[in-house]
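Okay, structure first, notes after.
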Amino acid sequence: MSSEAKMVDISQKETVLREAEAEGFIKLKNDTIKRIIENEIEKGNVITVAKTAGIMAAKKTSELLPLCHLIPLENVDIDIKIENSGIRVRSKVKAHYKTGVEMEALVATSISLLTIWDMVKKYEKDENGKYPYTMIDDIKVIDKIKEKD
């Protein structure tokens, strides 16, 4: 085995439907959640911007992760749910291709969560400018489907 980085050769693999779903959670202050629900965030509609950012990020995965293949995505769906202690993001990605789309789903979820943090950081800081309560957690692939060859 080489210590050199190299992209996996997928040229001999069949093109089939690939789907992946990932999710993650951002813990927020109750006041921030209330502001999001009431659309009182200075930067705009948090849910809309986070969904848009996640979709854009999924399409850029191969530019961010050097050994990922450039996959022609057919659908990216971002579902964002406000919960008691924060926001859950779930991303589902589909493509007909030779390799899976789980990294695209993870990137979509991660960037959606980071976008939420960016948009609400003003409200999450404590008196010292720190974020003792805010936390992104539990990012994982929750489903992966590969159509039979």
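Placed from the backbone N, Cα and C atoms, the Cβ positions cover glycine too.
Listed features, source Swiss-Prot:
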type: ACT_SITE; residues: ASP118; note: active site
type: BINDING; residues: LEU67, CYS68, HIS69, MET103, GLU104; note: substrate binding site
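Locations of recorded Swiss-Prot features on the structure.
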{"residue": "LEU67", "record": "substrate binding site", "contacts (Cβ under 8 Å, 6+ apart)": "ALA5, LYS6, MET7, VAL8"}
{"residue": "CYS68", "record": "substrate binding site", "contacts (Cβ under 8 Å, 6+ apart)": "THR61, SER62, MET103"}
{"residue": "HIS69", "record": "substrate binding site", "contacts (Cβ under 8 Å, 6+ apart)": "MET7, VAL8, ILE10, SER62, TYR97, LYS98, THR99"}
{"residue": "GLU104", "record": "substrate binding site", "contacts (Cβ under 8 Å, 6+ apart)": "ALA20, ALA58, LYS59, THR61, ILE71, LEU73, VAL76, VAL93, ALA95"}
{"residue": "ASP118", "record": "active site", "contacts (Cβ under 8 Å, 6+ apart)": "LYS43"}
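Note: the substrate site is recorded as LEU67, CYS68, HIS69, MET103, GLU104; in the same chain, THR61, SER62, LEU65, ILE71, THR99 also have Cβ atoms within 8 Å of that site's Cβ centroid. Of all Cα pairs drawn from LEU67, CYS68, HIS69, MET103, GLU104, which the record names as binding substrate, the longest spans 13 Å. Counting every protein chain shown, the number of other Cβ atoms lying within 10 Å of the Cβ of MET103 (substrate binding site) is 22.
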